[in-house]
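These features come from TrEMBL:
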type: BINDING; residues: ASP8, GLU57; note: Mg(2+) binding site
type: DOMAIN; residues: 4-93; note: domain '4'-phosphopantetheinyl transferase'
Amino acid sequence: MPKGIGTDLLNQRRIAHIMEKQGERFAHRILTPQELLLWAEKAYSVNFVAKRFAAKEAISKALGTGMAQGIGFQQMNIDTDDLGKPVVELSGAALIRANALGGQQVLLSLSDEGEMILAFAVLS
């Protein structure tokens, strides 16, 4: 039974514009150390950062808080399994909130078409 759902729709140009102004500082605010390593492997792609941003926004909504109550980008790490499926690992306040809701995992789906990115998260 789902404990929470969240979605985020993002125009990648928004993130590109922010990164033009802030450079790597923005990526370091959004991405965990593990994700920063993956970002380097992806040639510092704006698309990579934008997808992680949308994913983490969707996850925060599935937690029922958004980016509030101590929940932040660094408490959500997104990796991929051998098939390329996103795998979410929570920590800190995000993990505490998920546990309080009875959630055991976050299921995440990411799609992009042109400049648009869609993230959908289910806390189950």
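Cβ coordinates are placed from backbone N, Cα and C, and glycine is handled just like the others.
A quick note: this is a predicted structure, and the numbers were derived from the prediction, not measured.
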Study note, to complete from the structure: Cβ atoms other than its own within 10 Å of the Cβ of ASP8 (Mg(2+) binding site), all chains, total 19
Check your understanding: If one looks at the chain holding GLU57 (Mg(2+) binding site), which residues at least 6 apart in sequence have a CB under 8 angstroms from its CB?
Key -> GLY6, ASP8, LEU10, GLY66, MET67, ALA119
**Study point:** the domain '4'-phosphopantetheinyl transferase' (4-93) [mean pLDDT, rounded to integer]
**Key:** 97
